[in-house]
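Undergrad: Shown below is the structure under consideration.
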């Protein structure tokens with residue numbers, strides 16, 4: 001495990017030195033030496049109770065980093081006078097906040113006003129991915145928490161599940177990520193579920209045709225129609241058999257190559273010439289996928305971060321100091 005972490009670290013330092021220069025590996029080694037251990041232990045306890053925490057935290061990290069950067073703006077609770085990113089449509093189903101609170105309380109008890117909420121999300125996600133069967137990797141820390149949390153920003157920036165491949169690549173590209181990073185991050189769909197509202201049109205009335213999406217496997221479409229006939233229906237994003245919505249692996253890529261993608265963008269990356277080759281590589285090589293996912297996650301975790309004297313270290317992740 002240590003060798004794998006070291007290999008990824010060397011790749012990151014070579015490929016992504018500018019953003020990583022703002023952060024530091026083992027940033028809390030002196031100010032809060034047990035910080036990463038505290039995070040890991042609490043994530044491990046939660047994972048034992050609920051393995052779906054891997055998907056929850058990965059989604060939280062993504063939704064936080066791509067809106068105003070990785071600054072824990074998503075964690076802010078709305079008040080009677082001010083809405084927050086939690087009020088944005090794409091964030092209604094984001095969960096895992098209670099675990100972040102638990103970790104923050106433990107860290108404040110040992111190292112008051114030291115470890116940022118944005119670093120907690122980053123570290124907790126890393127640990128949850130590994131526990132779910134994903135790669136083991138190191139992440140630099142030293143992020144600080146932001147002062148802004150507006151629902152409009154999330155509504156405008158976060159991509160919908162029906163985004164085009166060109167739009168998806170542009171979205172990630174604007175944050176310094178290439179096609180290998182982009183497809184790897186979508187590979188996080190190997191864990192987790194989606195509510196029917198995100199894909200029901202593909203199985204009932206695709207683009208107003210009154211028919212299912214012809215790019216979806218007909219058997220899967222029929223099964224999903226039954227699923228979505230029940231209020232509150234949902235489906236695992238990884239349809240490999242047996243269904244493994246809490247197991248982090250590359251089976252997702254094999255499934256979308258068999259026309260069994262749930263979200264439209266998942267299916268599109270399997271057939272679009274700009275991404276299909278990468279999908280094939282990941283479907284054929286689990287270690288390659290995991291290695292690239294680790295690289296992409298560290299790159300994502302360095303997007304527009306606040307460091308040094310910028311931002312603050314919140315004492316309560318749900319509220320500005």
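Just so you know, the numbers here start at 1 and follow the chain as drawn.
The backbone N, Cα and C atoms fix where each Cβ goes, and this holds for glycine too.
Predicted automatically and left uncurated, TrEMBL annotations should be read as such.
Per TrEMBL, signal peptide is recorded for 1-21. According to TrEMBL, the domain 'Plant heme peroxidase family profile' annotation covers 22-321. Look at TrEMBL and you will find 32-111, 65-70, 117-317, 196-228 tagged as disulfide bond. Per TrEMBL, site 'Transition state stabilizer' is recorded for 59. TrEMBL lists 63 with the feature active site, proton acceptor. Residues annotated as Ca(2+) 1 binding site in TrEMBL: 64, 67, 69, 71, 73, 85. Feature annotation from TrEMBL assigns substrate binding site to 159. According to TrEMBL, the heme b binding site annotation covers 189. The annotation Ca(2+) 2 binding site is assigned in TrEMBL to 190, 244, 249.
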Undergrad: Between the Cα atoms of residue 228 (disulfide bond) and residue 70 (disulfide bond), find the distance and write it as a whole number of Å.
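TA: Cα of residue 228 (disulfide bond) to Cα of residue 70 (disulfide bond) measures 34 Å after rounding.
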Undergrad: Neighbour count first, Cβ atoms within 10 Å, every protein chain included; then name which of 69, 159 tops the list of binding-site residues.
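TA: Within the set of binding-site residues, the most crowded position is 69.
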Undergrad: Check the disulfide-bonded residues 32, 65 for other C-beta atoms within 10 angstroms of each C-beta and report the one with the most.
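TA: Per the Cβ count, the most surrounded site is 65.
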Undergrad: Minimum Cβ neighbour count within 10 Å among the recorded positions 63, 189: which residue?
TA: 63
Undergrad: Provide the number of Cβ atoms within 10 Å of the Cβ of residue 196 (disulfide bond), excluding the reference atom itself.
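TA: Other Cβ atoms found within 10 Å: 21.
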Undergrad: Looking at the recorded positions 59, 111, 190, 196, 317, which has the shortest Cα distance to residue 73 (Ca(2+) 1 binding site)?
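TA: Comparing Cα positions, the candidate nearest residue 73 (Ca(2+) 1 binding site) turns out to be 317.
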Undergrad: Could you name the residues, excluding 64, 67, 69, 71, 73, 85, of the same chain that surround the Ca(2+) 1 site, i.e. Cβ within 8 Å of the Cβ centre of those residues, in sequence order?
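TA: Checked against the 8 Å cutoff, the neighbours are 63, 65, 66, 68, 70, 72, 74, 146, 149, 153, 154.
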Undergrad: Within the chain of residue 70 (disulfide bond), which residues six or more apart in sequence place their C-beta under 8 angstroms from its C-beta?
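TA: 61, 64, 118, 121, 122, 143, 300, 301, 302, 303, 304, 305 - these are the non-local Cβ neighbours of residue 70 (disulfide bond), listed in sequence order.
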Undergrad: Fewest neighbouring Cβ atoms within 10 Å: which of the binding-site residues 64, 71, 249?
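TA: Comparing Cβ neighbour counts within 10 Å for the binding-site residues 64, 71, 249 gives 249.
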Undergrad: For a quick check of understanding: among the disulfide-bonded residues 111, 117, 228, which residue's Cβ has the most other Cβ atoms within 10 Å?
TA: 117
